[in-house]
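The annotation active site, proton acceptor is assigned in Swiss-Prot to Glu189. The Mg(2+) binding site annotation in Swiss-Prot covers Asp53, Asp92, Glu122, and the record cites sequence analysis as its basis. Under the heading 3-methyl-2-oxobutanoate binding site, Swiss-Prot lists Asp53, Ser54, Asp92, Lys120, citing sequence analysis as support.
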Amino acid sequence: MVYTATPLEKKVTVNTLRKMKADKEKFITVALYDAPMAAMAQKCGVEVVLIGDSLGMTVLGYDSTVPVTMEQMIYHIEAVARGNSRSLIIGDLPFMTYATVEQTMINATRVMQAGAHMVKMEGGAWLVDSVRMLSERGIPVCAHLGLTPQSVNKFGGFRVQGRSEEQGEQIIADALALEEAGADLLVLECIPAELGARVTQALSIPTIGIGAGIGTDAQVLVINDILGLTEFPPKFSKNFLLEAKDIPGALQKYAADVKSGVFPGPEQQF
C-alpha cells in the first residue's frame with residue numbers, strides 16, 4: 001500500500017505510539033527547532049517532533065552538543081510548541097542538566113512547562129533512578145542509547161556503538177533496565193542494524209532509530225538533513241528535497257519512505 005501523508009487529525013500521545021508498535025505501524029519523527037517547521041510537520045502527518053540539543057550544531061554553530069544550555073532548549077521548545085498542537089513533542093535535557101535526581105526533576109519540570117510532552121535523556125543504567133522518579137511523578141521519559149552525542153569526548157568522536165558482542169549485550173541490558181524503570185520511548189543512535197532490531201524486539205516500548213537500521217519502530221532525522229542543508233551529511237541521512245519540489249514535499253517523501261519500509265535503505269545502515 002502506498003502511504004500518502006495527511007495532516008494529523010488527533011493529538012498524538014504515548015498510547016498512540018504504543019498502539020502503532022503493537023500494530024507494526026511505523027511512526028515518523030523529525031528533529032526541528034522553530035514554529036514554522038513545527039506547523040509544517042503537523043500538516044505532513046509527523047507523529048513525533050523532537051527538539052534535540054542537536055540544535056547546538058544545526059542552528060547555533062557549535063561543533064558538538066556539549067555547550068547547549070537549558071535556556072537555549074527552553075527557547076526552542078516554546079517556539080515549536082506554539083507551532084504544533086497535535087504531534088507528540090519531546091524536549092532534550094542538555095549536557096549535565098540531569099547529573100543528579102534532584103537536578104533532573106528541576107530541569108525536566110522546566111522542559112514540560114515550556115510545552116514538551118516528554119523529556120529525553122542520554123545514558124544507560126545509571127539513569128534508572130531518575131527515570132523512575134520522573135515516571136512516578138507523571139513526566140514521560142524518552143531514553144537514548146548507542147551513540148549518545150553528549151558523550152562525544154568520551155567516545156573519541158561520533159562513532160558507531162555496539163559493534164562488539166559485549167557492547168551489544170550492554171545496550172540490550174540498559175534498554176531493559178530503562179524500560180523497567182518507566183521509560184516510555186527509546187532512541188537508538190548509530191548502532192548495527194541487527195542490534196537495533198534485537199533491542200526493538202526485546203522491548204514493549206517503542207524504539208526510534210537514527211542510524212540504527214530498519215528494524216526499529218520509528219525513524220528520526222534532523223530537518224537539516226532531510227532538506228540537504230548539512231555540509232557533511234552523516235551516513236544514515238538522506239536529502240529528500242532532491243526528490244521533491246518543495247519543503248512539504250520533502251517531509252511527505254520522508255514520511256512515505258519510512259512508513260513503506262523504503263528508508264533507511266542498505267546505504268543508510270551499519
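Keep in mind that glycine also has a Cβ here, set from the backbone N, Cα and C atoms.
Compute the center of the Cβ atoms of Asp53, Ser54, Asp92, Lys120, which mark the site for 3-methyl-2-oxobutanoate; besides them, the chain residues with Cβ within 8 Å of that center are Ala31, Leu50, Ile51, Gly52, Leu55, Thr65, Val68, Met73, Gly91, Leu93, Pro94. Annotated pair Asp92 (Mg(2+) binding site) and Lys120 (3-methyl-2-oxobutanoate binding site), C-alpha to C-alpha distance, rounded: 5 Å. Across the residues annotated as binding 3-methyl-2-oxobutanoate (Asp53, Ser54, Asp92, Lys120), the widest Cα-Cα separation comes to 12 Å. Separation of the C-alpha atoms of the residue listed as 'active site, proton acceptor' and Glu122 (Mg(2+) binding site): 10 Å, rounded to the nearest whole number. Sorting the binding-site residues Asp92, Glu122 by the number of other Cβ atoms within 10 Å puts Asp92 first. Taking all protein chains in view, 25 other C-beta atoms sit within 10 angstroms of the C-beta of Lys120 (3-methyl-2-oxobutanoate binding site). For the recorded site, Ser54 (3-methyl-2-oxobutanoate binding site), the DSSP three-state label reads coil. The separation of Glu122 (Mg(2+) binding site) from Ser54 (3-methyl-2-oxobutanoate binding site), Cα to Cα, is 12 Å.
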